[in-house]
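Student: Annotation source TrEMBL lists domain 'ABC transmembrane type-1' at B:93-306. As annotated by TrEMBL, transmembrane segment applies to B:27-50, B:93-118, B:130-150, B:181-204, B:225-247, B:285-307.
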Amino acid sequence: MSNSLARQRSYWNKVRFVGIVIFAIAILLPLAYVILVSLTPDTEVGGGAILPTHIAWNNYVMMWSTVHLARDIVNSVIIAGLTGVCSTIVALGAAYVVSRFRFKGRKPFMFSLISMQTIPQVMMLLPLFVIIVIIQNVLNVHLVGQYYTIIITYMTFALPFACWLLLSYMANIPVELEEAAQMDGCTRAQVVYHVVLPLILPGLVVTFVFSFLLGWSDVLFASVLTTPSTQTVAVGLQAYMSSSDAGGAVYWGQLMAASLTSGVPIVVIFLFFQKYIIGGLANGAVKG
Amino acid sequence: MENADVTKLAPAKSRSNERHVRNRPPYWMVIPAVVLLILIVVAPFLVSIYTSFTKLDQYTIANWTHAPFVGLKNYISAFRQGNAIGASALQSLWVSVAFSVLTTVCITPIGIVAALLVNKPFRGRALVRALFLLPYVMPIFVNAITWRLLFMNGWGLIDRVLSALHLASKNTYWLIGPHSFWAMVIADVWSSWPFIYLMVLAGLQGIPGDLYESAHMDGASPTRSFFSITLPMLRPILGLALLLSTLNHFNNFTLPFIMFGTPPSPQADVLPLNVYVTSFQTFNFGLGAAMSLITLVLMLIPAFFYIRMLRLGEDVS
């Protein structure tokens, strides 16, 4: 019996090993090819050989001027960062009230939050654009391409998501702690600041990170609402590539280098906070 | 300090005050979210409905309330074949449905297998788990650029490998023409399978281990255990995952937009992309709004099931 179990176990271990290797190859091969092309001199991309004759580190230097990478990354950081901050703060208040109080309109509010997440983004873009044009005409100001316009429109998708995420974190915080603080005479604002805030901090971080990632990855809104001086890195790369559709020359090596440069920080942030997410959940469980 | 003083001065009154404060929601905290959501979601939504009945274009946008009212004309022309430069809405609709259903069907077994591979502890598991998340964590536009490169005609890795294996011509055009649909599906499957993987992994945590032990005692093989224990126990979370995956894939704009540019070939012209081109490149805002409302109505079908599955508001915190 135990012998058959051992044999069975070693068989499934082998199966697992082979499976993981297949997955690893499937995941890494495309990325390895991108890294390879990012190090290939422009003259050799598209040539007969896969491996370049020499490694063109130069691509990682030239890319900064070819696609305005620095400017675009700064724009992405500002826009995605402020989208994350604003969404998280506004959502915190909403999530607190909705999770702690029963009031008229609570259920409709929750229903609309979840419905908003299922609305196709492309549907919101056009009317948002129309509204922005109206405000521009009425107030005689310029809104398209401004940071605050883009950030507010990004909250169309980031805010319902942030509310929903914080609601689930809020549910894990025991109400008794707040009641105790109130017995001691804390005002509502003091309760939120001294009791809720420290406990919800991991949730806030996760909400910020996710809203940031949503903002960083958006192409749809940014492609309509940004101007060249405020365009995000996603739009910058897309615009550079579409010049190849128009017949322009594309430096594939530099494009791949730039693409990796805009993706790797996100991967690092995510892998870093992945532990934070799990740790935060564990802490919450211990404290609760 | 201040609080202590208050209780000392008027204990009885403060007590009743406290009750009152505790029971009245601090509306000022929720108002910013409500106002913002009305401004950036509800108002645009209403504008979109109105716009879909007008002939709004780049000439009338400055004075949009005076755009000619055309009734259902936009909805009718959305379904007429070959009206815009790309595919008609009807054709795009089928592309989108096929795309979202096909990718969901493909990623489900992949995600389940991946989750089973890393469910039991082994050396280096943390590393493998991080690796499995990589395609999902990469911004979707980076994935799209990656696959555009891989599918490049003639010198992309896929054409090179396929021609070396004598499976296809080196000049298989993946990014234009009928193959573009498959290029889109392959790229999307590669990018999105970790979503199912994550959901299944979470579901596996909830299955008690003694179920497997007793099954083993009864002589059940691991394969049998999988089909009799794992799969039935995963059903609720898998249902949610499939629904969300279908919703997300239907709305995927970034991947085809970056992989194919605009306008894409009709085989890869998904509905969100078609709406985008109609609205912002041919400036047919009214038609675009009508098409996006059609999209919304279709999205309501899976969304309805999704909201019902969440059992909203029944939780008591």
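The backbone N, Cα and C atoms fix where each Cβ goes, glycine too.
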Student: For the transmembrane segment (B:285-307), which stretch among B:27-50, B:93-118, B:181-204, B:225-247 has the most Cβ pairs under 8 A?
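Tutor: The stretch I would name here is B:225-247.
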Student: In the same chain, who gets a Cβ under 8 Å from the transmembrane segment (B:225-247) while lying at least 6 residues past its ends?
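Tutor: Counting only partners 6 or more residues beyond its ends, the transmembrane segment (B:225-247) has Cβ contacts under 8 Å with 100-101, 103-104, 107-108, 111-112, 116, 192, 195-196, 199-200, 202-204, 206-207, 211-212, 215-216, 299, 302-303, 305-306, 309.
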Student: Residues sitting near the transmembrane segment (B:93-118): Cβ under 8 Å, six or more positions beyond its termini, same chain?
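Tutor: Here the qualifying positions are 87, 125, 128-129, 132, 181, 184-185, 188-189, 192-201, 204, 226, 230, 234, 238, 241-242, 245-247, 249-250, 252, 266-272, 294, 298.
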